[in-house]
Amino acid sequence: MEGNLNALTTIFTEFYYWVTIVMMFLIHVGFCMYEVGVSRRRNHLKTLMKNAMAIPLVTVTFYLFGWWIYFGFPNGPGIAGGLVAAPFAEPWNPLMGTHLSGVNPGETGVTPTDAALWHRLNGVFWGAFLLFSITTASIISGSIIERARSGAFWIVAVLVGSVLWILDASWGWHPQGWMVKLWGYHDAYASGVVHAIAGGAALAFLIVLGPRIGKFKPDGTPRDIPPHNVWLVTIGLFLIFTGFWGFYAACNIPLISPATIAGQITGETWTATNIYLAPTTLSAITFNFLMSLSGGMLAGYIVSKGDPFWTFSMGLCGVISASAGNDLYHPVQALLIGAIVPTICYKLHYFVERRFKIDDAVGAVAVHGYGGFLGVVVAGFMLWGQPSSPYEGFAHINPLGNFAGAVLMVLLGFVPTFVVCKILNGMNLLRVPAKVELEGFDFALNHAFEASVREVGTAEKAMVK
Amino acid sequence: MSTNGMESWAVDLKDVGAIYPFQGSEGLMVIIGLVFWIGWHILQTRHENAEIEADMAADRSGEETRAAIDRH
């Protein structure tokens, strides 16, 4: 690194993203608590492991190919150009490991420019994007509990977490993504690229999977299957809120000079930017994150009549629905979007459940899918005419571009997941047999636990004098 | 024409102020925020009154209440 200012900026940026990764891990602690809290006692352990094992699986596959997809596919390819070379993101490249910015003799695939930029940033950028990937996969996990096979979920988790979402991020959440260039797509904090796609995938999985036994009465009326531990659910959601601070911060570039953005922004003022390299501030997203969360919780408390599950879930939905434009909204606009969109999503959840017999155990399709979709659509109107990028020649933000983008996000999650679930179902790998569902997923584990308790108890009692 | 007045980012940031949409309507947005807040208290009080009325009408024998006390 040449020059103290460059070194300081690089190491500050490296540390900034590293902190966001740590914070985002809380999202997954929250997801696990939340999902276990919603499941019934006889399904706890397998429910926990189903979600938790998505972390290592998506991590390995995101290293092997997910990270490269992000840099390779911003043009489609075939829509705005060809495949983009991204040697620094290939898993066999020396920059995908410990590297100190020089180029060793015989070191292949590393240019001095790539080495200078990526040697300290590759791992932390990869990690931050990976945490988005795991979040996207985890969103699906809760909706399918208590009847889906873990193995089926893990295949879908890799598909969505390490392929589909990162492909849509390359298209619509990349400074040179074709959706940004051609459609003016704007989705700064991932309403569409994370949440709508995950909601679409969850909906596809649920349609093929079918409802839990007992969810619907013979006449088709839905029964309520209450969470076994509302405390665990709400603390889980609190942790997801906390982790979302890291998620938001990781969507920004913390510090960049106008010169680094190819001189598109004039003057000498350094700034934070969104993922499209357009200026914003951490203050802006702090205002808007909290106001949209508050809008969702306040509306959720009223429409659900104080139900803790839905009050917290609608708080999350409030954030998700304002996320597409939370880099640019006024706080009161974020509050109102955060209140109105989750109210629509809540109503839609119960309408879809009644009308189409979709058993979404945690409301993930509503909170993430409908919330993310509507959030992107609303941003298209609210930010109409604003520049989507600092680069010349990009389309401006507009309602049609964002609507088309929102539809594309949902379809990109829905269609491939539907096909894969159909194949898995045809191979009898999607759902457990009814007997296992009724016994509970932890049946054998619980028996082993009780046998161990009896055995050790008997041994201990024999020693009591 | 754009909702925040920005047509391009080819500007010197030291010359740019607020960039949220519909600048100039801050007063209106504050009023909307106040109405939202006060409206929430009105709706919440109505819901809570109905809930308390339902609780008052429930468990006339006191049996469930005594069981709840026993459970702590």
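Glycine is treated like the rest: Cβ placed from N, Cα and C.
What TrEMBL says about a protein is an automatic prediction, not a curated fact.
Per TrEMBL, the feature domain 'Ammonium transporter AmtB-like' maps to A:18-444.
What TrEMBL records for A:15-36 (among others) is transmembrane segment.
Per TrEMBL, the feature transmembrane segment maps to A:48-70 (among others).
The transmembrane segment feature in TrEMBL is assigned to A:124-145 (among others).
Look at TrEMBL and you will find A:152-173 (among others) tagged as transmembrane segment. For the transmembrane segment (A:152-173), same-chain residues at least 6 beyond its ends with a Cβ under 8 Å from one of its own Cβ atoms are 50, 53-54, 57-58, 61-62, 64-67, 69-74, 76, 129, 132-134, 136-138, 140-141, 144, 179-180, 185, 187, 190, 192-194, 197-198, 201, 205, 275, 405, 408-409, 412-413, 416-417, 420-421, 424, 429-431.
Under 8 Å from some Cβ of the transmembrane segment (A:188-209) lie the Cβ atoms of residues 132, 135-137, 139-140, 143-144, 147-148, 153, 156, 160, 164-165, 168-169, 172-173, 247-248, 251, 274-276, 280, 285, 320-328, 358-360, 364-373, 375-376, 379, 405-406, 409-418, 421-422, 425, 430-431, all in the same chain and six or more residues away from its ends. The feature transmembrane segment is assigned by TrEMBL to A:188-209 (among others).
If you look up TrEMBL, you'll see A:230-256 (among others) marked as transmembrane segment.
Annotation comment: TrEMBL describes A:276-302 (among others) as transmembrane segment.
Residues or ranges marked as transmembrane segment by TrEMBL: A:361-383 (among others).
Through the fold, the transmembrane segment (A:403-425) approaches residues 140, 152, 155-156, 159-160, 164-165, 167-168, 171-172, 179, 183, 185, 187, 192-193, 196-205, 207-209, 369, 372-374, 376-377, 380, 431 of its own chain, all at least 6 residues removed from its boundaries and within a Cβ separation under 8 Å. Residues or ranges marked as transmembrane segment in TrEMBL: A:403-425 (among others).
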| query | Of the listed stretches A:48-70, A:124-145, A:276-302, A:361-383, which one has the most C-beta pairs under 8 A with the transmembrane segment (A:15-36)? | reply | A:124-145
| message | Under 8 Å for C-beta pairs, could you tell me which stretch among A:124-145, A:230-256, A:361-383 has the largest tally with the transmembrane segment (A:276-302)? | response | A:230-256
| request: Look at every Cβ pair spanning the transmembrane segment (A:361-383) and the transmembrane segment (A:124-145), keep those 6 or more apart in sequence, and say whether at least 3 of them are under 8 Å. | output: yes
